[in-house]
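> I'd like to ask you about the structure that follows.
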Amino acid sequence: MRKPPQNPHDLNRHDLDDILGTINEEVRQRFGEGKLPDYIPSLADVPEDRFGMALALPDGRIHAVGNARDPFSIQSVSKVFTLTLAMSAVGDELWKRVDREPSGDPFNSLVQLEYEKGIPRNPFMNAGALVTADVVLSSYADAEATLLEFMRARSGNPEVGTDEVVAKSERESGHRNVAMANFIRSYGNLDNDVDAVLGFYYLQCSLRMDCVDLARSVQYLADAGHCATSDVQVTSAEGATRINSVMMTAGTYDAAGDFAYYVGLPAKSGVGGGIVAVVPHVMGVCVWSPGLDDKGNSLLGRYALHRFTRMTGLSVF
Ligand code: DON
């Protein structure tokens, strides 16, 4: 077995490419173990035998393997970026409307909302993302354009856009999100129309990006808020630390403990099979493989991240 380096900064280009190559080979032996999500019909159409992984370093270097340039539906990975926009706009006021505790419940659960009086547990469950979407809608003159511009600047890809088929599929099958948004609204915790909030939420979830785009897009969280691609200070160092902490405790829902145990990095998953992860002070990471585990996280993506932190010694623990 490869010995983890004493100092992660000693990892050179050759080591990282070698490690990605090994992971790619291992993962491809296991295609078919996950399950495609069928509650959003258009996401069930994606071929399951796909795996990509990309690393984005603060000096602009990219390491990538497999299907790292195949675009996919980023789904809940988008919640990292709307959280960043909401925190930039309202700062700690956000935490009066959404908590920052792990939920221990599935991403689409409503169960805590009633006894916690319409304050969602964290910004990464669907309920919390709806409140965050509401804050973004109220804070920016054109929230949709702001988000698109943000993603294009972070990824350096001016082609980043949304997938209308996925957005429509979500609108037609999103009964639970509709219920959730109305329930939160009944507690006075949404300022905008339920339809406007849901529309923005479906738009963010339907963004199409690839592993290289997304590794670049989270890299600011690995470099004290500085985005290497656009040379912009996206958030403060403290902001990046805070977002990473919420990703660690809630980014993979009721599997956050399991992720800390097997992966050991702040991470955010989406039902499109993507997972972004942050190696604080070192790099942004994205993995993608469409088959999910029973918690709605990419099964092989989680495995790839596990192997990555074990082979590089880059777990935060
Ligand atoms: O609202 C939904 O259910 C989806 N648009 C997003 C859920 C999601 O990605 C959960 N992540 N694992």
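Placement of Cβ uses the backbone N, Cα and C atoms for every residue, glycine included.
These came from TrEMBL, pasted as-is:
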- Ser76, Asn126, Glu170, Asn177, Tyr201, Tyr253, Val271: substrate binding site (BINDING)
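I'd like these features described in context: how deep, what's nearby, how far apart.
Annotation note: Tyr201 (substrate binding site) sits in a helical segment as assigned by DSSP. All protein chains shown were included, and the count of other CB atoms within 10 Å of the CB of Tyr201 (substrate binding site) stands at 27.
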> With substrate as the bound species and Ser76, Asn126, Glu170, Asn177, Tyr201, Tyr253, Val271 as its recorded binding residues, calculate the greatest Cα-Cα distance and give it in Å as a whole number.
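Farthest-apart Cα atoms in Ser76, Asn126, Glu170, Asn177, Tyr201, Tyr253, Val271 are separated by 20 Å.
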> Going along the chain, which residues six or more apart from Tyr253 (substrate binding site) have their CB under 8 A from its CB?
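In sequence order, the residues whose Cβ lies under 8 Å from that of Tyr253 (substrate binding site) (at least 6 apart) are Ser103, Asp105, Pro106, Phe107, Phe124, Met125, Ser269, Lys295, Gly296, Asn297.
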